[in-house]
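Copied over from TrEMBL, here are the features:
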DOMAIN    6-205  domain 'Yip1'
TRANSMEM  28-50  transmembrane segment
TRANSMEM  94-120  transmembrane segment
TRANSMEM  132-152  transmembrane segment
TRANSMEM  158-180  transmembrane segment
TRANSMEM  192-210  transmembrane segment
Amino acid sequence: MESLLKIYLNPKENLKQIKEKPLSYSSLILLLIPFSLFPVIGYLIGFTVLRSNYISSINQFIDLLKADPKADPSTIEYMNKILNMLQSSDYSKMFIFLGIVWLFEIFKPVFLSALVFFFGKSFGGEEDPLKVFNLVGVSIIPVWVAGLSYMVNSPVNAFLMFLSSFYMFYLIFIGSEKVLNVPSENSKNFQFIIVIVIFYVILSGIIGMLQTNLIKSLL
């Protein structure tokens, strides 16, 4: 934890630790799994401890959607299913929801590592999947920690997720040069992170749709 904090407080100086002493795959997975549960814990708190507030915010959101003629009916259907699950205190469905959320969360560093590895070597970086996985793993932890904010269904959550995602890409940008040796000449490292952001946003949208459809089909 101490080395992680050093990296987050001063990534330009301390990300080189990943290059010099990368964790093994097994050690890194053991480190990441507890953090991947933070979004699940956030939802669980929202669904139980803060249940009444969560139900109220969903009702307000559904009312806003219904008032918008351009709103996607599938979004309203999805939110209604979540609302019904909470109002009926259906814990079996809650755990199905949380299980799906966790599976998709734990998949994030896998597909992001694939993007970083593929485009890293395309921009002249080092072909080392272990270092890539270490860099992505360290970078995605702040996003998972911010996932605790899922306990409140409000703009605060969206703001925190935006900030944490921005910081994740910043760490990958710094690490692309410090860890993966993507050259900074001709702004190659900057071009690299732009491409990563574009593909990550597109793929995250597709994966998010799959997650939503899976949840809708099982609730």
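Just so it is clear, glycine is given a Cβ too, placed from its N, Cα and C backbone atoms.
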Stretch with greatest number of CB pairs under 8 Å, the transmembrane segment (192-210) reference, 28-50, 94-120, 158-180 candidates: 94-120
Top Cβ-contact partner of the transmembrane segment (28-50) among 94-120, 132-152, 158-180 (pairs under 8 Å): 132-152
Tertiary contacts of the transmembrane segment (94-120) (same chain, 6+ residues out, Cβ under 8 Å): 32-33, 36-37, 39-40, 43-44, 47, 82, 85-86, 126-127, 129, 132-133, 135-137, 140, 143-144, 147, 172, 176, 180, 182, 192, 195-196, 199-200, 203, 207, 211, 214-215, 218-219
